[in-house]
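K.L.:
Attaching a single structure in structure tokens format; questions to follow.
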Ligand SMILES: C[S@@+](CC[C@H](N)C(=O)[O-])C[C@H]1O[C@@H](n2cnc3c(N)ncnc32)[C@H](O)[C@@H]1O
């Protein structure tokens, strides 16, 4: 048997209380806890806690932690995380960043900002055009104005959050819908020595109390797909500071105009498009100056 999830639904206040309690009881031991708004109109929230090994779970303790909100249990299938990421084991260079595995530490040059990520876990080894595009865009934004903080939404391996933390040495919130990715992200953040700057949280879109603690963001980075990026446009804009920058990727060239339109409606201006293979990375900004 593999991973298991326990979850309960309620209105916002009890859900937030439960989220805090589950995080205190299980979060420290590495069991991801998630709070998700599942029905905005009905203001219905779902709180989940995930355990790696179903057999090892103390179910009585879990039920006690949920209290009055009796949890449902869901056994999760084993997922093939390798599929997307085994693109290659070679180091990838994007601007000053060198993304590499432990076996390639000797390839790091004195001026490189090295990001050590092992292939084979969450998405994001730098081999994908979208990740490399975001790394280049992060470097150009940080060079221009060193944002006070950042959000990496859909962090995967945390490669982009680590890049921002290493370059800007400023706080970054790294979130992902997938609790397994967040467990991998935490480990990578620690291994790259940037735990002081990076906070990780499991969240669907903007559904976590962590956003309230960190927003507004001076830089929002989201490498997901065109569909969710368009849906998230109003919330990205709402969580962005008055002169903030946005880096979006996971967009095919033919989807570029639709994504741009969704963000223009929210008052954002296009600054630059980077093209890597069939993928584009968009840099947008709140400030009209410098926009094209
Ligand atoms: C293409 S990977 C990007 C990983 C990494 N940021 C990079 O650039 O290499 C997209 C990630 O977004 C996550 N994701 C997808 N939809 C999401 C959503 N609505 N909210 C948060 N994360 C999401 C996925 O689980 C996945 O880890």
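Just so it is clear, glycine is given a Cβ too, placed from its N, Cα and C backbone atoms.
Note that this is a predicted model, so its numbers are computed, not measured.
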K.L.:
If TrEMBL gives 131, 154, 176 as binding S-adenosyl-L-methionine, which of 111, 223 does it give for that site as well?
P.N.:
223
K.L.:
Tell me the coarse DSSP state (helix, strand, coil) of residue 176 (S-adenosyl-L-methionine binding site).
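P.N.:
Reduced to three states, the DSSP call for residue 176 (S-adenosyl-L-methionine binding site) is strand.
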K.L.:
Taking the Cβ of residue 223 (S-adenosyl-L-methionine binding site) as the centre, count every other Cβ atom within 10 Å, in any protein chain shown.
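P.N.:
There are 26 of them.
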K.L.:
Starting from the Cβ of residue 131 (S-adenosyl-L-methionine binding site), draw a 10 Å sphere and report how many other Cβ atoms land inside it.
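P.N.:
The Cβ of residue 131 (S-adenosyl-L-methionine binding site) has 28 Cβ neighbours within 10 Å.
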